[in-house]
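Trainee: Quick one: the structure is below, and I'll ask about it shortly.
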């Protein structure tokens, strides 16, 4: 009691520092509905494991499908942490707790904006993973992936090759911080799932209780070692124990959990050199004390907790005890150079939640609400540029994110810019003078992370509650794929009776990135001149001494009546993938030789010789077609021959309710039946694939299916969308279904 009285006396004597005004003022009229929608979508780009068929983008694919195998478990799923591919459960669980807290506070906003199914789906993606990580009451796997190994490679998640060990804590080697945070995440999530899926909510709550007991019993982080240097627990574990017990109280109504939360008060961090509860940092992945104080104030109404959280929010707004967080010249509340915006926007969420509570003084509520809006608007672009990828004016284009960059050579410099739009990602933000450069290699100001977006989503939901906004109907992040597979070639040497060709098979796939061990190419020749000289096919030989592991054939018939043959360059069994300078392409040198003699051999009439130059510089050529299995993915072929039946290697979805059949008068690809095949057809097919287009007329549905099955495999899914896009871009001349 003496401690509390001394605390209140100190509070009565504090000095107040005025909040600075921004030097530059821009319009702050933003579409909070769209921003909320996109900030939620960010988590779909972070997904690890086997992705659902109804995913809302076309550049993420299945990845890390063997996670946990080193310990005989299935630890697939969850989110990659940031721009890397380690699954750090401490910040992941924090992000889940924050997202669930936002739904707890603003469920109506999510319903009204149409975003409730999406945020619940994203939360569940992580909580399903946490369930896998908790195979028994006192065992918890807190990390998958080795930070050093992961950070030493720069490439997309879908083609990772490095070992991904999994790490656990148990009674012998405990980790109270990460276990308690996961308990909080599971408890908070159980609350928001209870109205729609009470059985799943009960499962989450059971895990939350077991995890909390495990964390509270051990009270040690001795076994939490693999994340050191990345996500070390600087604040200790008592803030997480407090946080978790509060969420368990809210989930169960069990007074013992609330009593437990309050019992940790002697262990709460104090402001340096004082007996005051800490107020001068931020609610974040490491420190949950401030959110705990806010919830305790609302739950108990006790003046002690109320004063503690107000000290903290005052420090971030008008100042407290003679000090205040730094502000940039343009008005950003600036705590730290590493991810400055995640702190400011998370504080905006806390300020909004507290200001909306009836127990908050109206004058303070007005200050906190103004602060929250200014910080959110700063992130959205009030100073002239957005800090949210894919939103607003001049948004970041090159966040520090391996999969969004999608390098095929494992080099941060190649390509020059990110190939993908990481929609909704909040970047780290500017420095203390508002300076910011959109640089891929800047992991302090331009990286993104699960914890960055977590409080930001909550703040946006609060802005949507107050100011509204319109989410984009049926929004998806489908991109037009760029060139992924192709062949480069050059003439190494040539003479009267031979030609030596260097050909490079290249995989720069990114929609999504994927390896293939079924790539092959065809080099076409016309031997008419040799035949005219009486030379037979068996007198023409093909040799290859440097082939990168490929099987190089002798001449095979394509159109023998017209003397057209080809060399088959087959890399079957060799995985060519966009993951390094020696992995994304394979070179092959081969020589075609005819009996020596004037006029016995003429390269100029060969289909695949067109456009090739002699020398060391290879050039892209569409006259050497490339195949993935039986599907031609690049280039042209000469007339007269026939290609094998296409067998797409892309995983296909379920059979539609209407079986594709040939319908008279229907043109393949013309899914809107206007007699043309263009981007309008692509958009309509995309709506169908993501299940935002439905048919009430069975006959019209049958016509649509007949036109949409462009790959001819009897199913309508993203494969058809991919093939149709290639046709529209003139990368293929015929649909596989026509071949």
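For all residues, glycine too, the Cβ spot is worked out from N, Cα and C.
Not measured: the values here are computed from a predicted model.
Sharing the record's features from Swiss-Prot:
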| type | residues | note |
| --- | --- | --- |
| SIGNAL | 1-27 | signal peptide |
| REGION | 28-470 | region 'Catalytic' |
| ACT_SITE | 84 | active site, nucleophile |
| ACT_SITE | 400 | active site |
| ACT_SITE | 438 | active site |
| ACT_SITE | 447 | active site |
| DOMAIN | 480-639 | domain 'CBM3' |
| DOMAIN | 664-737 | domain 'Dockerin' |
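Each of these features: where is it, how hidden is it, and who are its neighbours?
Mentor: Residues belonging to the region 'Catalytic' (28-470) score a mean pLDDT of 98 in the model.
A 10 Å cutoff on Cβ-Cβ distances gives residue 84 (active site, nucleophile) a total of 23 other Cβ atoms nearby, all chains included.
Other C-beta atoms found within 10 angstroms of the C-beta of residue 400 (active site) number 25, with every protein chain shown included.
Sequence-distant neighbours of residue 438 (active site) (same chain, 6+ apart, CB under 8 A from its CB) are 396, 397, 398, 446.
The secondary structure of residue 447 (active site), as reduced to three states from DSSP, is extended strand.
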Trainee: Same-chain residues six or more away whose CB lies under 8 A from the CB of residue 447 (active site)?
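Mentor: The list for residue 447 (active site) reads 82, 83, 339, 399, 400, 401, 427, 428, given in order along the sequence.
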Trainee: Under DSSP, is residue 438 (active site) helix, strand or coil?
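Mentor: The three-state answer is coil.
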Trainee: When DSSP states are grouped into helix, strand and coil, how many residues of the domain 'Dockerin' (664-737) land in each?
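Mentor: The counts are 35 helix, 0 strand, 39 coil.
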